[in-house]
């Protein structure tokens, strides 16, 4: 017998253990006539007449195609509503993610991320219209942030207690030669005495139709510099020296290097310094040859390419070499004197700190520390090189670095999250290895979501001072450069022994707007949260203190910024 599910199943009290099936209107052979539900429910249950337990499973069976017709019509309507609802929900979630508000939709991390603003950095201004909004947000999340601080502070304390600024073991010259046989065969031990830059003549065996830049890797992999090399190619044959039926080209290395650091104003310094008539830079502002290209690295995550030979690097200085050659070949003493004052510079901001390639090429490490560093090779060829370093409060440097290199979902929350993750990774390394081993650890550096290690200036500077004299360095602060450009540039001129500028030249150099400033869309994001700033200040404090001690200048402790 068939009965309607809405009105025909009744259970007696537990003690009776019986199930009675009676329709209120009596049994009906056709459930369409059920007086209670009027046939609106087409799902039928077939219940045996046997005694059943309360949790017994009822068997569901279809009772002919006519019974499913209404159900399918009902299901199609619901199904359309469900699909439409899913589409709306997907669009809402996508808008949250794209707007950077996805933190509320995701499972929270071990630390809570909220927001309230810190003071904007010295060089990067903030949009005033966003201040009230950031202030309101900070009030909401302040308690959550402060709850996280003790846990993060334990990580920082763990790192701090393991910091040791040890003296590195210097490699022998013969060991360096074994690593770079070709480079040592190309660059001579002595340079021309009447040139301020390290230059020498080498024989050119090609004909006047030979393209000297045909295989240059910088030309092959970078289209924007091809026009520069086209001009060099056309003028090449006219700048050769000829003697005894042979042809010679002048080769030069930089007289000085701007070696670091990233997001510390090196581009601005480069742009101003290149306005001086006695300064000639490489054809490319940042060749990154010493740290990356000579190992075949363009982007480390993309793997290794063919190594750029030293000849490709030397080609970048041909424009300056042509002018120096003119001076050396000039007939008048005045012309010789003018051209011989030219100095060559190079401004790769990776030179000071980036030694990530060593793990791929040097297998004789000591306790995880690299056996050779970039400065070892530069010193082997240029023991008298001049080195300029521009530094910045490492806390602000890191945030500027994050805003510049992060591609999407940038926010103060995301930055805070990445900082805490990087600190945890750095601590894990410090538990097993020395400070130097962790700073130069390629695996760690690639794993950290922000480049925490770049701000450890004291570690890098001490390693550079292990091979170069302190007098060969000019260490500048971006904060000082921003407040008094003229004073900073005069210090650079004096350090490089450059001649004075005319009033017009100096005005052009000092009044030009800052280069490579923060992008408007990044300024609109506002500053990092104060608790993030506090965490980073705690982390960098011992490194800044050591730097200030080495330089005998408390300004490099960044206590008041």
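Using the three backbone atoms N, Cα and C, a Cβ is placed for every residue, glycine included.
Fair warning: this is a prediction, and the values are worked out from it, not measured in the lab.
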Next item on the list: Check Swiss-Prot for me: it has 263, 264, 265, 266, 267, 400 binding 3'-phosphoadenylyl sulfate, so pick out which one of 251, 392 it puts in that same site.
Entry: 392
Checklist line | Feature N-linked glycosylation site, as given in Swiss-Prot - residue among 208, 364 | finding: 364
Checklist line | Among ranges 81-101, 102-122, 123-143, whichever one Swiss-Prot labels transmembrane segment | finding: 81-101
Margin query: Under 8 Å between C-beta atoms and at least six apart in sequence, can you list the same-chain neighbours of residue 263 (3'-phosphoadenylyl sulfate binding site), or say none if there are none?
Written below: 392, 397, 400, 401, 404
Checklist line | For the topological domain 'Cytoplasmic' (1-80), mean pLDDT (0 to 100) | finding: 43
Item checked: Packing count at residue 265 (3'-phosphoadenylyl sulfate binding site) (other Cβ atoms within 10 Å of its Cβ) -> 26
Item checked: Residue among binding-site residues 264, 392, 400 with least C-beta crowding, 10 angstrom cut-off -> 400
Item checked: Helix, strand or coil at residue 266 (3'-phosphoadenylyl sulfate binding site) [DSSP, three-state] -> helix
Next item on the list: If we count other C-beta atoms within 10 Å, could you say which of the binding-site residues 266, 267 has the fewest?
Entry: 267
